[in-house]
Structures are given as structure tokens and as C-alpha cells.
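Asker: One structure, pasted below without further comment.
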């Protein structure tokens with residue numbers, strides 16, 4: 001006798017078959033994902049079986065062998081590499097339209113500009129041919145195609161492909177939103193970056209790269225300014241024939257929710273907070289017990305991707321993401337690329353310096369990377385050695401600074417923050433040029449008051465609530 005789940009799936013299959021906007025691969029991939037979700041297939045972690053990974057499993061970066069010295073050896077290494085940036089996200093959370101990767105980060109250069117400059121420099125210096133792949137979503141594809149035209153004279157091959165486009169599911173009856181007449185972009189979603197592996201294969205890019213002799217892909221978020229090609233890591237993976245490597249870095253209090261690597265039933269795997277039983281969440285957030293977290297900088301062997309995709313073996317944990325579209329409750333089912341680690345042979349983590357994790361998620365991050373705390377060298381953001389504190393200052397900006405355009409208009413120039421420990425800004429605050437901030441600074445304008453910090457002001461360990469405090 002058919003169950004409600006069987007009926008849901010049967011009705012869904014019929015409805016999805018009629019969606020002409022997506023390919024057969026996308027239809028089958030979506031049905032496969034929903035079937036797994038409805039079957040209740042979930043990976044339950046038995047807390048008592050969790051083990052802390054050894055240095056063989058999570059390798060300390062400092063223990064990696066030095067990069068080979070000769071430029072011909074380095075060229076041979078680089079010619080096995082492809083760089084892939086996850087470029088599906090929009091800049092909406094920072095008040096921008098279009099792909100997030102075209103937000104200007106520093107000196108008039110965007111995320112994408114910096115990525116291209118970095119790879120151009122490698123190719124020029126060593127005579128290598130490292131291509132750049134951009135995985136777009138249907139949200140970013142058209143804009144990205146126009147933007148990359150400006151790089152056509154560079155010495156770098158740029159390829160784009162789209163990740164899957166899946167229909168949002170209406171919670172009430174488990175039917176796709178587009179089959180109910182919602183055919184605009186709001187009817188669809190990109191199913192998370194775990195989709196990078198099947199999409200790379202379905203696009204034909206995977207076979208093309210293998211035929212060119214490429215062996216490894218370095219996958220990273222386009223907004224992580226620290227995710228630059230690292231020859232020591234690449235050399236280690238090739239030497240040890242590791243199929244998968246996740247870069248992890250020590251947790252700070254800001255990272256307590258980040259996924260961590262564990263040894264579990266003789267394999268290495270990612271443990272996310274959503275998988276943790278309620279009674280162990282406090283322990284999971286503890287920096288003492290789970291010391292590292294996933295940066296989402298991933299190095300993966302291309303032949304291994306092909307083998308696992310063709311065997312339909314990459315069954316990562318499903319992340320249900322509830323949303324609402326014009327009052328209709330919908331569900332997005334997503335997967336994460338980091339969760340694939342447990343399916344690959346000889347998978348490892350490498351415990352890298354914090355400098356390889358510098359994401360720009362909000363205007364407070366922009367303040368850091370546009371300040372004198374960093375300089376630009378060959379497209380890479382380099383930390384100022386004058387700062388003695390290994391951690392960056394904590395910065396909290398009020399909603400007046402949320403949109404990039406508002407953020408930029410409120411600073412005549414970005415303040416000096418080399419000696420800053422923490423900054424809190426709220427209310428109608430405007431900064432003059434050449435301001436220097438040190439120690440712990442709080443600038444909170446009273447409601448209805450415009451607070452202007454004058455040019456050249458030096459503020460150290462101070463709370464400011466009005467002009468009288470300056």
C-alpha cells in the first residue's frame with residue numbers, strides 16, 4: 001500500500017517532469033535529493049565514537065615539506081592545478097546588486113579582479129597554465145559572463161559553468177513552486193556548494209580538465225581573500241596521493257558554530273553543529289575540545305571526483321533550508337562541499353594559518369581589509385607586520401553602515417586601526433580623514449544626533465556618545 005511519502009514523491013516526479021526550464025540531469029538530481037530527504041536518511045553521529053584527529057589526519061601546516069626550489073618543478077606542480085571559485089552568491093546582504101564577487105574590496109579592485117591578478121602572476125612567473133573556473137548560479141551567470149569579458153587579454157583561461165537550478169518545494173503539498181505558475185527566479189534555488197561535484201561533471205568541464213592532464217582542483221569561496229594558491233599544500237597532496245584536503249584553522253570565539261573535523265569509524269569527516277545532539281552543543285562550541293573549523297578551502301583530486309560522481313556515491317548530509325516566498329512556505333534542500341570529505345580515500349585536513357581565512361561577509365570585514373591593517377601585493381591581501389596582536393580587532397558596525405554605499409559615504413578615509421582591539425559604532429556617525437583608533441573604542445551617537453569625528457582625531461580606549469566626549 002502506497003504511503004503518503006510515496007504519493008508525495010510520485011506527484012513530485014510528475015510535476016518535475018513538466019518543468020521545461022531545467023535539464024534532465026537537474027531533474028534527476030533534484031528527485032534523488034528529495035527521495036533521500038523523504039526517506040529520513042540522516043547521518044546520526046554517536047557521540048562516544050568521536051575521536052580527535054591525529055596529526056596524520058589533520059596535518060600541521062608547519063610540518064609540510066618546503067616547496068621544490070626550481071621554477072621548472074613549480075611549473076610542473078602548477079600545470080596539474082585548476083582554481084575554482086564558488087561564484088553563485090549575490091551581494092544583497094551588503095546592499096549590492098549582482099554577483100558578490102564584483103564588490104570593490106580595495107584600491108578599486110573587486111574580489112574577481114584580485115583572483116585574476118593572483119593567477120595571472122603565477123602563470124607569468126612560472127610559465128604555467130592554471131585556469132580559473134567560476135561556478136555561477138542562475139542568479140549570477142548573466143552578469144558574470146559580461147564582467148569576465150574585461151579579462152580577455154589576460155594570460156589566464158577563464159571558464160564558467162552553472163551549478164544546478166532546483167525548484168523550491170511548497171511545504172503544504174510538496175509540489176514544486178514553478179509548477180504552480182511561479183516561473184520567475186523566486187521559484188528556484190541553487191542547492192548549496194555540495195553541488196559543485198555533479199555540476200562540474202554535468203557541464204563537461206571535468207572531462208575536459210582531465211584530458212588536459214589536470215589533477216587537482218582548489219575550491220574556495222570567492223569572498224575569502226585568504227584563499228590563494230599554496231604550493232606547499234599542492235605538493236603535499238601530490239606526494240601523498242591524498243584525494244581530498246580540507247583547510248582548517250584554529251577556532252576563535254567568533255567561529256564556535258563552524259564545522260569541525262573529527263575521526264569517526266576510521267574515516268575523517270566534517271561535524272556540523274546541526275548534527276550535534278542538543279546535550280552536546282555546549283561541548284561542540286568549546287574551543288578547548290574542538291579546536292579547529294572548516295575554512296571551506298578544499299583541494300580535491302579530479303579523477304576521484306569523476307569516480308564518485310559516476311558511482312552516485314556522494315550522498316552528503318542534507319541541509320533543509322526553510323524560506324517564505326510571498327507568504328508561501330517553501331523548502332530548499334541543500335548540501336555542502338565540505339561534507340563530501342568522508343567519501344574520498346586518503347582524505348586529510350591541513351591546519352593552516354588564520355591568514356588563509358579572510359572572508360568578507362559584511363561591511364565590518366570591509367573596514368578591516370581596506371584599512372592600514374593590510375596591504376595589497378600581487379593581488380593578495382597581506383597583513384601589516386606592525387600589528388603585534390595575532391588576532392584582528394573585533395568590529396561591530398550599526399545598521400547605518402550595512403550597505404556598502406552607506407559604509408563608504410560615512411568614511412572620508414578608512415581610519416588607522418593597526419593598534420585597535422575592538423570598535424563598536426552605532427547611530428548617525430561620520431568619520432573624517434586621517435582618524436586613528438587604538439585600544440577599545442565605542443562610538444554610539446544618541447538618537448537624533450549626528451556625530452562627526454573630526455579629521456585627524458586620535459581616539460584611544462574611549463567611549464564617545466556625543467561631540468562633548470571628543
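Just so you know, glycine gets a Cβ as well, placed from its N, Cα and C.
Remember, TrEMBL labels are computer predictions, not curated facts.
Here's the feature list from TrEMBL:
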{"type": "BINDING", "residues": "100, 163, 192, 223, 361", "note": "UTP binding site"}
{"type": "BINDING", "residues": "193", "note": "substrate binding site"}
Asker: Are there residues of the same chain, six or more positions away from residue 223 (UTP binding site), whose CB falls under 8 angstroms from its CB, and which are they?
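Answerer: For residue 223 (UTP binding site), the qualifying residues are 89, 100, 101, 111, 359, 360, 361.
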Asker: Just jot down the residues in the same chain as residue 192 (UTP binding site), at least 6 apart in sequence, with C-beta under 8 A of its C-beta; none if empty.
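Answerer: Expected: 319, 334, 335, 336.
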Asker: Taking each of the binding-site residues 100, 193, 361 in turn and counting other Cβ atoms within 10 Å of its Cβ, which one has the fewest?
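Answerer: Result for the binding-site residues 100, 193, 361: minimum number of other Cβ atoms within 10 Å at 361.
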Asker: Relative to the Cβ of residue 163 (UTP binding site), which residues of the same chain, six or more apart in sequence, are found under 8 Å away?
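Answerer: Residues satisfying the criterion: 88, 135, 136, 137, 190, 191, 193, 195, 196, 199.
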Asker: Looking at UTP and its recorded binding residues 100, 163, 192, 223, 361, figure out the farthest C-alpha pair and report it in angstrom, whole number.
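Answerer: That value is 21 Å for the farthest Cα pair.
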